[in-house]
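Copied over from Swiss-Prot, here are the features:
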type    : residues                                                       : note
BINDING : Asp401                                                         : Mg(2+) binding site
BINDING : Gly491, Ala492, Ser493, Val494, Tyr495, Gly496, Lys497, Pro498 : ATP binding site
REGION  : 1-48                                                           : region 'Interaction with the terminase small subunit'
REGION  : 166-353                                                        : region 'DNA packaging/ATPase'
REGION  : 589-617                                                        : region 'Leucine zipper'
REGION  : 611-642                                                        : region 'Prohead binding'
MOTIF   : 42-51                                                          : motif 'Q motif'
MOTIF   : 76-83                                                          : motif 'Walker A motif'
SITE    : Tyr46                                                          : site 'ATP-binding'
Amino acid sequence: MISDAQKAANAAGAIATGLLSLIIPVPLTTVQWANKHYYLPKESSYTPGRWETLPFQVGIMNCMGNDLIRTVNLIKSARVGYTKMLLGVEAYFIEHKSRNSLLFQPTDSAAEDFMKSHVEPTIRDVPAMLELAPWFGRKHRDNTLTLKRFSSGVGFWCLGGAAAKNYREKSVDVVCYDELSSFEPDVEKEGSPTLLGDKRIEGSVWPKSIRGSTPKIKGSCQIEKAANESAHFMRFYVPCPHCGEEQYLKFGDDASPFGLKWEKNKPESVFYLCEHHGCVIHQSELDQSNGRWICENTGMWTRDGLMFFSARGDEIPPPRSITFHIWTAYSPFTTWVQIVYDWLDALKDPNGLKTFVNTTLGETWEEAVGEKLDHQVLMDKVVRYTAAVPARVVYLTAGIDSQRNRFEMYVWGWAPGEEAFLVDKIIIMGRPDEEETLLRVDAAINKKYRHADGTEMTISRVCWDIGGIDGEIVYQRSKKHGVFRVLPVKGASVYGKPVITMPKTRNQRGVYLCEVGTDTAKEILYARMKADPTPVDEATSYAIRFPDDPEIFSQTEAQQLVAEELVEKWEKGKMRLLWDNKKRRNEALDCLVYAYAALRVSVQRWQLDLAVLAKSREEETTRPTLKELAAKLSGGVNGYSR
């Protein structure tokens, strides 16, 4: 006979068993989950076994798994563990968050290889994943080279990105692009891979787009394009072990007072020279555990990808989109000595140098000196506008070039994908310090333009060059029109400078004096001007178009836009690449640079998203008027009176 105590014990056990199904797992961050559950398979890992997240990987992985961040871009070199990070994040989404995922490789064959050599061994070696894969190791409809369907109902697809059909029908929560720079920029003439792929997550409650790649050619690189769409470009800053000052690691060169240095013909002597106080840092001394990711555009920073802070240290919400850059010098999987050997080998061959820049530095390769661009290339881009502002344009910026006897202003319209349309050219003759001249500049800044949809547009942001005149003139006009609308700028002809750097605070004159990286901007814009023309009715990212109006654009303006060429010059005993106008007039080019800088600062500082703005504008123009709504209620033709 069962005693009352035993009955009670049996009942308690039964209740406990029944309640197990109601237990909700404690939520884990991506890094917490990976450190607890993730294992590296021996087939594709230098160090198989339990995963341990590296300091620089923490922020990246947690951002990838952060539901409040929609888009994560990673510009990377080789040997930083990106593929393993991506697999760990995918496993986290599948097992911990029960999210459907779609991962794109550049081709179908690459996708199959990835599934066989990376995904399947990961499922086998990660117990939490294997538990969800009862079909593992045998033929099953849920176990194919394109789809893994887990017992939880969650699906993981791995497809090639070269066929447009692979971007259709799937509805997922997470879409990833591995080696995005190897994708075709236009998938079977249906659009960019990220544009097509990100359509698959639009219905998700927590949509996530992860893009990662070693970069390729500057100006045409897919990961560079993706990164430029984000307002936040993060670099990993680590403290100097001697002076404590933070800095992100740079390769440097012979002329740089920082970066990797070594004795001639002795790669083993390599050390890092601190850019703040010239401290000598050896690789074994560098402690990355106190590093933090800092945005070079906004000053925003994070240590862990979970909590974000402003440059002043105030906690702020996570960004909608974020870009990271990481390169080989941070990796424990190689040595600085090997980086030097790779560099010396690369110097022997131009192709090797390109490979070094892409795969070791994680930077885009800038095509060097080329022939001067023929202005006829731009004349071939002349198209007929249906209005002063073409239909696809959603944002206007202007650049003003200051001369001693005039101001020249060019107005540019921008469409999604940074498609550019020249809208207007205004030359204001007169002394720059005379009020009458400046009043005409005021009128030009406030001029209204008729859009193809019938509405009026004004210039949203202006970059006004202070070179050649008293800067106070521009400062006063900036305050008159709004210190955020009219930005005084000065050029910085130094390679590697951002297109525009806006200070966090006003200067002593009460305005934001911005620095424009003219060489960087010209590199970008010349690459776009060289591109083959496309039909005006075909939206083309980065295309540059000119109006069929000789008052605005003629051979004169075309010649000014191509006035400069990239030349090699010896400076201080070192060969440098410089933009040289050969004393040709180049005002149109300068104004385009400033107008483009105005666009870029709008993206970086005010999170301008041309695609979102276009969608908003489309919804606004298609919304029925009160008159049309009244007609619909009264039974007009097709709901509206005509």
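Glycine is no exception: its Cβ is also placed from the backbone N, Cα and C atoms.
The shown structure was predicted, so the numbers you read here are calculated from the model rather than taken from an experiment.
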Alpha-carbon spacing, Asp401 (Mg(2+) binding site) to Gly491 (ATP binding site), which is rounded to whole Å: 11
Residue distribution over DSSP helix, strand and coil in the motif 'Walker A motif' (76-83): 2 helix, 1 strand, 5 coil
Helix-strand-coil residue split for the region 'Leucine zipper' (589-617), DSSP-based: 26 helix, 0 strand, 3 coil
Gly491 (ATP binding site): tally of other CB atoms within 10 A of its CB: 19
Confidence summary (mean pLDDT) of the motif 'Q motif' (42-51): 82
Number of other Cβ atoms within 10 Å of the Cβ of Lys497 (ATP binding site) across all protein chains: 17
For the motif 'Walker A motif' (76-83), distant same-chain residues with Cβ under 8 A (at least six beyond the ends): 44, 54, 56-57, 118, 178, 212-214, 324-328, 330-331, 333-334, 358-362
All-chain count of other Cβ atoms within 10 Å of Ala492 (ATP binding site): 15
Neighbour tally for Asp401 (Mg(2+) binding site), based on other Cβ positions within 10 Å of its Cβ: 23
Other C-beta atoms that fall within 10 angstroms of the C-beta of Ser493 (ATP binding site): 13
Top Cα neighbour of Tyr46 (site 'ATP-binding') in the set of binding-site residues Gly491, Ala492, Ser493, Lys497: Lys497
Recorded positions (Tyr46, Pro498), the one with most neighbouring Cβ atoms at 10 Å: Pro498
Helix, strand and coil counts within the motif 'Q motif' (42-51) (DSSP): 3 helix, 2 strand, 5 coil
Secondary structure at Gly491 (ATP binding site), reduced by DSSP to three states: strand
